[in-house]
């Protein structure tokens, strides 16, 4: 029989103050989503200003997610102990200040340092918002609606990021994309202390710095190893880092199991709705983030759209996702969570398979249609899974539970880009036909990626450039079909996990 996650019966009206508090809590979610996408558009201008090495340029992009993923579990547990609102406000203030520093960074190295600090403060924001919602909204129906609104803000931010970034970069210095954080976070810092009630674990136990270090040395090496292997191939350094992460993880689990007051209660993973929802999110995000990354390149490098126009192509899907997330709140009163999650995940898989169907004529209209179906499924499945995650654990542990959920999201994004990227690149390299007469450096760059081919083509005679670009675009599109199939299989695997686990 399906498991339903229950909350306080819907007999009392949620006070207006709670909904105003939700509006305040939505601000950092909107910011993080925007921040995840705008840097990609600013990177060419940053490279033009600082002329960083390829390694430094990768660190500008990657260091934020490395630090964020490494600290999420520790920050979630810290919020349970020190107070979730307090941690949220510290994170908001720090994120705003460091964003301003990043905007005016005088060198690439200082920008890397600022991005690392943004990862520290960003790790304080996301778990705090979701766990505070869990404690503010005790009524099950109101909580589902609140989480749907919370999730829709993330979707809206992801859609607005390319649009905001494109608009700012057309008129201002690249630092403007970092300054976006300041006006978004200012209302949080002013209104948060007045409108958002404090909550914490009433019996948190002693502070455990050893567990914090172990959680950090688990996540950081693993994420770094996956990213490094994706960029440079498997190496001894990546393998060693991965091994360090696995050993640290084993020591972390052992310490938590032996502690009377663990930083992360490993027993949470015995709750099947919690664990299956986490795993489903992880698998679906691998497919979603990895595949969206390549579709955005198709829009810009194959179809020739500007970053701003490419961002607008994804907007209809984002709107549908928000509507679906809000609509599923009513459906949750009639259908079990696993039924809704599986239905949503199937829609996501169908969206991927539509890309496969249109692969020989992947126009803007075809991409919009596919993304509308895909994002409809995302809106349903993510809203229900996030509600299930926070509702299936005690309120006192909601910070740690939210942190685990966010960690799964970050890991899924990293693994998705890395694994699907490797597969996609392999298809590109095996199908691209580089014209004769190019220098070894030009041949290597053109054979590496479609972006490299476009850069090389800019310095070639018109006929040779056209020949190279036609071949590069065809080779790029050859990877779309297998990537779509793999993404669909991952999402269907997530649906199977939910369908089986909820019936145990």
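Cβ coordinates come from backbone N, Cα and C, glycine included.
Listed in Swiss-Prot for this protein:
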type: TRANSMEM; residues: 19-39; note: transmembrane segment
type: TRANSMEM; residues: 58-78; note: transmembrane segment
type: TRANSMEM; residues: 87-107; note: transmembrane segment
type: TRANSMEM; residues: 110-130; note: transmembrane segment
type: TRANSMEM; residues: 172-192; note: transmembrane segment
type: TRANSMEM; residues: 206-226; note: transmembrane segment
type: TRANSMEM; residues: 275-295; note: transmembrane segment
type: TRANSMEM; residues: 309-329; note: transmembrane segment
type: TRANSMEM; residues: 338-358; note: transmembrane segment
type: TRANSMEM; residues: 361-381; note: transmembrane segment
type: TRANSMEM; residues: 408-428; note: transmembrane segment
type: TRANSMEM; residues: 480-500; note: transmembrane segment
Which of 58-78, 110-130, 206-226, 275-295 shares the most C-beta pairs under 8 angstroms with the transmembrane segment (338-358)?
275-295
Taking 3+ C-beta pairs under 8 angstroms (sequence gap of 6 or more) as contact, is the transmembrane segment (172-192) in contact with the transmembrane segment (408-428)?
no
Tally Cβ pairs under 8 Å between the transmembrane segment (206-226) and each listed stretch (58-78, 110-130, 275-295, 408-428), then give the stretch with the top tally.
58-78
With a cut-off of 8 Å between Cβ atoms, can you find at least three pairs linking the transmembrane segment (408-428) to the transmembrane segment (87-107)? Only pairs 6 or more residues apart in sequence count.
no
Residues from the same chain, set at least six apart from the ends of the transmembrane segment (58-78), whose C-beta lies under 8 A from its own:
39-40, 43, 46, 52, 87, 91, 108, 111-112, 115-116, 118-120, 122-124, 126-128, 131, 211-212, 215-216, 218-220, 223-224, 227, 231, 263-264, 399-404, 406-407, 410-411, 413-414
Which bits of the chain, at least 6 residues beyond where the transmembrane segment (110-130) starts or stops, bring a Cβ under 8 A of a Cβ in it?
25-26, 28-29, 31-32, 35, 46, 50, 56, 59-60, 63-68, 70-72, 74-76, 79, 84-85, 87-88, 90-92, 94-95, 98-99, 101-102, 147, 150, 386, 390, 398-400, 402-403, 405-406
Using a threshold of three or more Cβ pairs below 8 Å, and leaving out pairs closer than 6 in sequence, do the transmembrane segment (87-107) and the transmembrane segment (361-381) count as in contact?
no
Should anything in the same chain at least six residues away from the transmembrane segment (19-39) have a Cβ under 8 Å from its Cβ atoms, list it; otherwise answer none.
60-61, 88, 91-92, 95, 118, 122, 125-126, 129, 132-133, 136-137, 146, 149-150, 153-158, 160-162, 164-165, 168, 177, 180-181, 184-185, 187-188, 191-192, 195-197
